[in-house]
């Protein structure tokens with residue numbers, strides 16, 4: 001049997017010959033539809049026909065998978081072309097008695113991009129700086145109908161045709177505060193509406209932009225420059241002009257000690273307040289730091305805090321309680337670098353120690369000895385004080401001031417006898433008349449004749465005893481009348497004497513003036529007038 005392998009090549013050869021040397025006849029080959037747009041991987045039915053009734057050959061030339069359908073007639077055939085992956089131009093051919101001819105159909109494949117991706121945005125972007133948006137698109141056809149759009153929310157920022165593989169579209173945006181939290185994305189539009197289809201859109205995953213404003217000025221840090229061991233201080237850090245202020249992170253630390261501040265926010269400012277405690281391990285110069293972090297930037301302020309130990313000065317008495325006449329040494333000692341004064345008297349030479357010698361007297365009982373120490377720390381003067389009291393033991397005292405020796409009271413009047421003994425310890429006081437009748441010292445009493453007399457007041461303590469006589473005189477009413485009469489007579493006599501003195505004085509003055517007048521003017525005889 002003759003081999004049949006040359007037969008498949010015959011249609012292609014006829015097509016080629018028909019294209020190069022078209023026949024002189026009027027036979028025509030046609031194809032339907034002449035243009036087709038279909039999705040990638042799709043199928044299409046193509047009808048090839050010829051104008052002659054009995055063609056020797058009628059077919060289609062294409063690299064696509066094809067299948068001749070049972071439909072058809074003598075001068076036309078229907079083929080199904082499948083798995084169309086790219087643009088193609090299948091060609092129908094025919095060989096008729098009066099010549100060969102061909103006809104092409106144009107298959108256009110469309111498909112949306114396989115990758116639409118917006119390049120990642122910075123985690124934070126400063127306000128006032130340019131931001132570059134970059135979108136990459138892989139795949140998609142037909143490219144003539146494919147457009148790339150960059151968006152902020154739904155607002156278009158830039159639109160360009162997709163060119164190249166991959167296609168890349170970029171634009172620059174000046175970042176504003178209003179852009180904080182905005183979503184940026186990239187969208188492709190495959191517009192096949194002119195071909196009777198629809199608009200196909202693919203959108204990338206959105207990226208949210210975070211913007212910020214962090215002023216160039218460092219935060220303001222307020223803190224004590226010196227801090228004593230085992231005490232607490234307050235640190236305040238603040239900064240204005242922040243956006244968004246709630247996103248700002250504040251870090252406060254003293255040396256290796258992280259502080260826990262309480263942060264108060266304003267519209268565009270914050271204030272962080274923290275307490276700091278120091279111990280003996282922190283003594284020395286420590287670094288205090290306040291750092292503000294916003295976005296990908298930070299601002300910080302550093303200060304030094306001097307931690308010091310300065311116990312109160314120590315006041316030492318030979319004994320806190322001594323007897324009268326005892327010599328007492330008072331010492332004041334303080335920090336080795338301190339300068340001390342004792343009762344206002346500085347140490348000589350100036351230093352951390354001073355002492356005072358004295359002989360205890362009753363006036364020293366209850367006397368306070370105050371030691372003041374001054375220490376310079378980081379240019380500041382720190383003052384500490386300590387006080388001790390001296391108690392002096394001395395015997396009882398009864399003097400005229402506190403216990404008058406004579407009282408004179410009207411009978412039946414209300415009086416309070418006062419007699420107070422001094423001494424340390426406070427002595428016991430008793431005032432007795434005739435050894436038995438007590439004087440009600442400190443009590444309000446009605447004065448009677450029984451109260452009159454001389455009392456012996458005795459003050460006694462562990463330091464000794466002292467006595468004093470006190471006399472009480474009681475004035476009865478009859479004595480009062482005599483006194484009143486005497487006083488009245490004295491007043492009358494005094495008044496009469498004064499009147500006599502004044503009268504004689506005036507008389508002498510008149511006599512003197514008369515004598516002076518007679519010396520200056522001669523006397524004239526009195527002449528009796530002649531009666532008419």
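Each Cβ is built from the backbone N, Cα and C atoms, and glycine gets one as well.
Of the candidate ranges 481-503, 504-526, Swiss-Prot annotates residues 481-503 with the feature transmembrane segment. For the recorded site, residue 202 (N-linked glycosylation site), the DSSP three-state label reads strand. When averaged over the domain 'Ig-like C2-type 3' (230-297), pLDDT in the model lands at 91.
Using Cα positions, the member of the recorded positions 267, 371, 403, 406 nearest to residue 52 (disulfide bond) is identified as 267. The most densely surrounded of the glycosylation sites 145, 183, 202, 267, 296 is 145 (count of other Cβ atoms within 10 A of its Cβ). Cα of residue 403 (disulfide bond) to Cα of residue 290 (disulfide bond): a distance of 72 Å. Rounded to a whole number, the distance between the Cα atoms of residue 96 (disulfide bond) and residue 371 (disulfide bond) is 136 Å. Residue pair residue 406 (N-linked glycosylation site) / residue 431 (disulfide bond) shows a Cα separation of 13 Å.
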